[in-house]
Amino acid sequence: MITLTQVLEILKKDANFREISAENEYYYNWNQEVTFDTLAYDSRKVNEHTLFFAKGLNFKKDYLLDLNAAFYISEFDYEVALPAIIVTDVKRAMSLIAQAFYDYPQNKLKTLALTGTKGKTTSAYFAKFILDEMNGGKTALLSTAETTLDGKNFFKSELTTPESLDLLEMMAKAVENSMTHLVMEVSSQAYKTERVYGLTFDVGVFLNISPDHIGPVEHPTLEDYFYCKRQLLHHSRYFVANAEMNHFGIIKEELLALELPYAFYGKDTENRILESAGLHFETTGSVAGSFDIRLLGRFNQENALATALATRALGASTSQIKVGLAKATVPGRMELFTAKNGAHIYVDYAHNGISLENLVQVVESHHTGKLLLILGATGNKGENRRHDFGEVIENHKRLEVILTTDDSNHEDPKAIANTIASHVQRPLDYIADREIAIKTAISRTSSPADAVIIAGKGTDHYQLLNGKRKPYIGDAEAAQKYI
Ligand SMILES: CC(=O)N[C@H]1[C@@H](OP(=O)(O)OP(=O)(O)OC[C@H]2O[C@@H](n3ccc(=O)[nH]c3=O)[C@H](O)[C@@H]2O)O[C@H](CO)[C@@H](O)[C@@H]1O[C@H](C)C(=O)N[C@@H](C)C(=O)N[C@H](CCC(=O)O)C(=O)O
Ligand SMILES: Nc1ncnc2c1ncn2[C@@H]1O[C@H](COP(=O)(O)OP(=O)(O)OP(=O)(O)O)[C@@H](O)[C@H]1O
């Protein structure tokens, strides 16, 4: 519960309050106390005691007409019967009011936030497995792949970082469920749209940066994308950063200016990977030791080192880090299945050129036999991926490729496949049905030297076709069905 007095205090303190607008008059104070028992940003989820947030690009005045709520908060006076609290920034207001409404759950959890272009989900799972070793399974997790608020039940997330209202409600549930730690991914959009406004994390991690999420609905430029991600530096008590990432210089300068305690990793720092083999690596520095992980690839060892440093800052011992990392699996990221003939089937979420290149390189270096690739490209978005995928296939002549459907949406999957194939000199197969494509690829393997890479969908159990999500068995399930 929260009162109108508390709401106005929060907004005034944040220099976000403009006025209350009611019945054609403006007020700085309201002479009657009001108690709100729910907060909502969806007009379909209100009651007469709700404080409603009118926000969003697609918000319509119609949602407020005849709305049975107590007050609404907005940047815009819609001049409707319902009294309005007018603010300069509704999303900031939503975050701060939600924190008070849920009694500041962030202060009752030790929080670890991860950002970066690649590796957030993988590192978030690594961190959860390590912290679970330390706290006996009391780590809540908010990731692109899955969310858990009790450490046992997992559900699929809609956004990488939820809207502040949902986020604070989830944090409060985690506290109610006796969780002691929360690991979460913080996307650049979260900072751009104030989903984490007013939150400070115990540990922040910056994994890497490369051009991504640049476009009309996300970030106008790489500068904006990077700047938004760097906001995590300003909202962490301790920071871990990859010294090998692009533009690391400014991160270092910014951290020094903030006088924040930090750990850097990568060459030319004390925290380095010394020796690295398939699933084993050795490190030097504050978490020196030898570690095993279940995911191939040097970048996953870097994710593991970043996570080791971050969880160390939260009190994890080297042995807890070792055990956690050795146990960690990540849904849809380098999931490995072994066929009866010994061939390895890799299911990975890689859905752009860079990720696919990394993935293929890793698998190629571990398999001397046949290398099959199941791949499609999304329709009506990321069109340049078709060219990038073509380049990867062209660069790796050993790949035997079966092109297939991957969220073709309003486009023809065959036409998408033809565009990928147009960038490749050799012929590629095409099987529209993704499950049959997977079955076919597995049937073409014969020994442990062979591998099938199923790229793109990761944990998705749907195909986006003609604007609708149609049920799909899932890559991992299809792999297990036919091995
Ligand atoms: C830019 C942005 O933050 N967009 C998110 C935001 O949209 P918005 O605030 O503009 O709201 P909107 O969808 O235009 O809808 C308007 C409002 O009308 C309300 N409504 C609607 C219908 C009705 O009858 N009554 C009503 O009140 C809705 O509840 C909503 O509050 O709030 C919506 C939920 O309230 C999100 O679904 C939406 O995510 C969009 C769709 C999205 O996909 N965002 C992506 C770009 C994103 O955030 N991605 C990052 C990941 C990036 C990464 O991988 O690194 C993420 O964190 O997920
Ligand atoms: N540190 C890394 N550097 C480069 N590539 C990586 C790294 N970690 C993971 N990848 C690759 O990127 C893919 C996505 O990994 P993951 O889901 O962990 O990242 P993410 O940051 O959550 O991604 P997204 O923002 O696309 O959801 C993996 O399937 C893997 O191929």
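Just so you know, the numbers here start at 1 and follow the chain as drawn.
Any Cβ shown, glycine's included, is placed from N, Cα and C.
As recorded in TrEMBL:
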type	residues	note
DOMAIN	115-310	domain 'Mur ligase central'
BINDING	Gly116, Thr117, Lys118, Gly119, Lys120, Thr121, Thr122	ATP binding site
MOD_RES	Lys229	N6-carboxylysine
DOMAIN	332-458	domain 'Mur ligase C-terminal'
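Apart from the site residues Gly116, Thr117, Lys118, Gly119, Lys120, Thr121, Thr122, the chain places the Cβ of Leu114, Ser123, Glu185, Leu207, Asn208, Asn303 no farther than 8 Å from the centroid of the site's Cβ atoms, the recorded ATP location. The binding-site residues Thr117, Thr122 differ in how many other CB atoms lie within 10 Å of their CB, and the one with the most is Thr122. Around the Cβ of Thr121 (ATP binding site), 24 further Cβ atoms fall within 10 Å across all displayed protein chains.
Its Cβ placed at the centre, Lys229 (N6-carboxylysine) has 25 other Cβ atoms within 10 Å.
Classification of Gly116 (ATP binding site) by DSSP places it in coil, neither helical nor stranded.
Counting residue by residue with DSSP, the domain 'Mur ligase C-terminal' (332-458) contains 45 helix, 27 strand, 55 coil. Counted within 10 Å of its Cβ, the other Cβ atoms near Gly116 (ATP binding site) come to 24, all protein chains included. Taken in sequence order, the recorded positions Lys118, Gly119, Lys120, Thr121, Thr122, Lys229 that lie near ligand 2, meaning a CB under 6 Å from one of its atoms, are Lys118, Gly119, Lys120, Thr121, Thr122. Taking a C-beta cut-off of under 8 Å and a sequence gap of six or more, Lys120 (ATP binding site) has these contacts in its own chain: Leu114, Ser143, Thr144, Thr160, Glu185, Ser187, Leu207.
Each of the binding-site residues Lys118, Gly119 was scored by the number of other CB atoms within 10 Å of its CB, and the largest score is that of Gly119.
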